[in-house]
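I have placed the structure first, in the form of C-alpha cells, so that the comments after it can refer back to it.
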C-alpha cells in the first residue's frame, strides 16, 4: 500500500506532462495543416479569389485571437456554402480554425476585402503563430 501512495503523485505528474506535450504537438500539426492549405489556396489563380468577403481582421484591437479565428472560420463557411469553388479546401480550413477557436461567433464588420487578401492575411497570422508555438 505504501508504494501505491508514492506512485500516485508521480503518475499525476506524468499525465499532466503528457497532456501538455500532446496539446503543444496538436497545435503544431493543426497550424502546419492550416498553413499548407493557405499556401495551396493563395497560389491558385481562380476567379473565386476576387470574391468580396468580410474583413474580420479589421476588428477592434481588443479582439482576442480566438475571436479572430472564429470570425475567420465564419467567413470561410459563408463562402464555401454559397459558392462551389475550392469547397473542400475551404471547408477543411474552416474545420481547423473552428477547432482552434472552440467557440461560436457572428460577423458584423462592414469593411470588405477580396478572398485572396483575406487568405493572405490569415496566412501571415498563422505563420506568426506557428513561429511562437
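Heads up, the Cβ atoms here are built off N, Cα and C, so glycines get one too.
Look at Swiss-Prot and you will find 1-24 tagged as signal peptide.
Take the CB of residue 133 (disulfide bond) and look out to 10 A: across all protein chains shown you find 13 other CB atoms. In the three-state DSSP classification, residue 133 (disulfide bond) falls within coil. The annotation disulfide bond is assigned in Swiss-Prot to 27-133 (among others).
Sequence-distant contacts (6 or more apart, same chain, Cβ under 8 Å) of residue 48 (disulfide bond) comprise 79, 83, 85, 86, 115. Summarising the annotation, Swiss-Prot assigns disulfide bond to 48-85 (among others) and lists similarity to another entry as the type of evidence.
Non-local contacts of residue 62 (N-linked glycosylation site) by the CB criterion (under 8 A, 6+ apart in sequence, same chain) are absent. Marked as N-linked glycosylation site by Swiss-Prot on the basis of sequence analysis: 62.
All protein chains included, residue 70 (disulfide bond) registers 23 other Cβ atoms within 10 Å of its own Cβ. Residues annotated as disulfide bond in Swiss-Prot: 70-105 (among others).
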